[in-house]
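Colleague: Heads up, here are the entries from Swiss-Prot:
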type	residues	note
BINDING	61-62, 81-82, ARG89, 103-106, VAL269, GLU465, 472-477	FAD binding site
BINDING	ARG106, TYR380, GLY472, TRP473	substrate binding site
DISULFID	CYS28-CYS182	disulfide bond
DISULFID	CYS338-CYS420	disulfide bond
CARBOHYD	ASN122	N-linked glycosylation site
CARBOHYD	ASN238	N-linked glycosylation site
CARBOHYD	ASN266	N-linked glycosylation site
CARBOHYD	ASN410	N-linked glycosylation site
SIGNAL	1-20	signal peptide
Amino acid sequence: MNDFLLLLLVLFLGVPRSENHVINLEECFQEPEYENWLATASHGLTKTLNPKKIVIVGAGISGLTAAKLFREAGHEVVILEASDRVGGRIKTHREDGWYVDVGPMRVPQTHRIVREYIKKFNISLNPFRQTDENAWYLIKHVRQKMSANNPENFGYQLNPNERGKSASQLFDETLDKVTDDCTLQKEKYDSFSTKEYLIKEGKLSTGAVEMIGDFLNEEAGFHNSFLISVMDHFLFLNNSFDEITGGFDQLPERFFKDMDSIVHLNSTVEKIVHINNKVTVFYEGLSTNMRLVADYVLITATARATRLIKFVPPLSIPKTRALRSLIYASATKIILVCTDKFWEKDGIHGGRSITDLPSRVIYYPNHDFTNGIGVLLASYTWYSDSEFYTTLSDEKCVDVVMDDLVEIHNVSKDYLKSVCGKHVVQKWALDQYSMGAFSTYTPYQITHYSQMLAQNEGRIYFAGEYTAHPHGWIETSMKSAIREAINIHNA
C-alpha cells in the first residue's frame, strides 16, 4: 500500500465528523514527506560532494524546480525543452495593455510549496475570488442570483430529506456517511466512479445527483474515481485563493532568468538509451540531431509526451501500461476582451456564474487594467464539456459563449459584439506538447497505477503533476520535482 492510499484509509476510518460536516480533507491527503519537501523548497538540497550530470526533459514548472535544486546543490544540469518557451502549461497570453492566464490562474492558500517559491522570487499576489453573491445561476432555464440560495426554484425532483439543501450540502452529507460508517478497504472507494458512489453509497436521488452535476460542475467528471472528486471538492470548499499579480508566467520566467544558459529550447527528445551506469539522451535541435550523456535523467514531460520517446531498453511493462492507461482531461478557456465591463452593472467583481449551457462556468476578473479593458473568462470547461468545443473554430466558440452571455446577463448579442471585439481561445487537448490539460483517474486507477507512475526505472526518473496528487495543480508539479530531486541527489 503506498503512502497516499494509506492516508486515504486513515482518513476514512479515523477522522471524526465535525459539527458542521466540514472536514479539511486536503491536509489529510498530504504525503508524509510534505514538510520535508517544503523545507527543501525553502533551504535547498545539501551541497553535494559527488556532482552528477543530470538531463531534465521538459522546462515546465516541474523541470525548472528540479533544475534549480540540482544547480544550487552543485550538480551539472541541462534542460531539454521541445517548445520555444518555458513554463509548459503555465501560459499567459499578453497584448498591449492586458493579459490573461490561459493555463493555471489561482493558487490555494494551502499550497505552501508554490507559495514558498513565489515568496523567494518576490512575486506579488492578489486575492482570487471564487464566488460573488451577485453572480448568476442559469440552470434548467431558471436564472437566479447566487445570493438567493434557493435551490428548490430549479425544479429538481428530490427526496423529502434532500429538499431545501444546496448541492454542496448534499455532497458533504455523502462524505459524512463514509466517515461515520466506513470499515471497508481503500479499493472500494477507488472502485466507484463519482456518480456510482453518489447513487449506491450516498443513496441520493437522481435529481440530487443531477443537481450536484449542474451546480458543482461535477457532471463532466462523473466518470472519475470518486476519490478524485473528494479531493477536488474539499480543496475548493475549504480554501481561499490568490492569483499572481501581472500573470502566472512570471513564475517560470523567474526560474528561467536564473539559469537560462542550461535550458535548450526547441530541443525534442527522441530516444533515451540506458546502459549500465550511464544514460544517453538523443534529441533533435533546430538544425541538427544531438546527444547528451548523463548519470541520471529526470523526465518531467506529460505522460502522453513521454510515450513519444523511444526507450532502450524499453520501459517495464507495468510502467508502459500505466503511462498508456492514464487519462488526460481536455480543458478549454474562451476569453473575451471587452471595452465595457457589463458584468459590473450586475454588481459582480470576481467570482463566477454557473450554467448548464455550453459555457458552463464564467469567471469574472479579479484585477483591473489601467486602460479600462475587462478580460472575461467567458467559458472554462473540462472533460466532455471541453470536448464540445474541440472541433469548433475559435470564431464559432466565441459565438456560442456570446449566446450564453445574452441569457445570463440579459444583454443583446449586438452589444456584446460591439464591446468585446477581441478573443483568445485555448484548447489544451490540441496542445502539441502537453497533449491534454491535466491527468485524472477513473475507477481502480489510483490503486493500480499511482505508485507505478512515480516509480523510477533505473537511472531514469519521472516527475510532473501526473506522478503526485492532487492532479492539475502547480503545487503538485513542484512537489513531485522536489521528491525526485531528493531521490537523485541521494542516489
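Placed from the backbone N, Cα and C atoms, the Cβ positions cover glycine too.
Quantities reported herein were computed from a predicted structural model and do not represent experimental measurements.
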Colleague: Can you tell me how far the Cα of TYR380 (substrate binding site) sits from the Cα of THR476 (FAD binding site), in Å?
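Modeller: The Cα atom of TYR380 (substrate binding site) is 21 Å away from the Cα atom of THR476 (FAD binding site).
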Colleague: When the Cα-Cα distance from VAL269 (FAD binding site) is computed for each of the recorded positions ARG106, ASN122, CYS420, which gives the smallest value?
Modeller: ARG106
Colleague: Quick check: of the recorded positions listed here (ALA82, PRO104, ASN122, ASN266, CYS338), which one has the Cα closest to that of GLY472 (substrate binding site)?
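Modeller: In terms of Cα distance, GLY472 (substrate binding site) lies closest to PRO104.
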Colleague: By CA distance, which of the binding-site residues (ALA82, PRO104, TRP473) lies nearest to CYS338 (disulfide bond)?
Modeller: PRO104
Colleague: Which ones, of the binding-site residues ILE61, PRO104, ARG106, TRP473, THR476, have a Cα no more than 10 Å from the Cα of ASN266 (N-linked glycosylation site)?
Modeller: none
Colleague: If you skip the near sequence neighbours and keep only those at least six away, which residues in the chain come within under 8 angstroms of ALA82 (FAD binding site), Cβ to Cβ?
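Modeller: The answer is GLY58, ASN266, SER267, THR268, VAL269, ALA301, ALA305, TYR433.
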Colleague: Take the C-alpha atoms of ASN410 (N-linked glycosylation site) and CYS420 (disulfide bond) and report the distance between them in angstrom, rounded.
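Modeller: Here the two Cα atoms lie 15 Å apart.
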Colleague: In Å, how long is the longest CA to CA span across ARG106, TYR380, GLY472, TRP473, which the record gives as the substrate binders?
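Modeller: Largest Cα to Cα distance for the substrate-binding set is 16 Å.
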Colleague: Specify the count of other C-beta atoms within 10 Å of the C-beta of PRO104 (FAD binding site).
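Modeller: A 10 Å sphere around the Cβ of PRO104 (FAD binding site) contains 23 other Cβ atoms.
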Colleague: Taking only C-alpha atoms and a 10 A limit, tell me which of ARG106, ASN122, CYS420 are near TRP473 (FAD binding site). These are the recorded positions.
Modeller: ARG106
Colleague: Mind giving me a neighbour count for ASN410 (N-linked glycosylation site)? Other Cβ atoms within 10 Å of its Cβ, every protein chain shown.
Modeller: 12
Colleague: At a 10 A cut-off on CB-CB distances, which of the recorded positions ILE61, VAL269, CYS338, CYS420 has the highest count?
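Modeller: Counting every other Cβ within 10 Å of each candidate, the maximum falls on ILE61.
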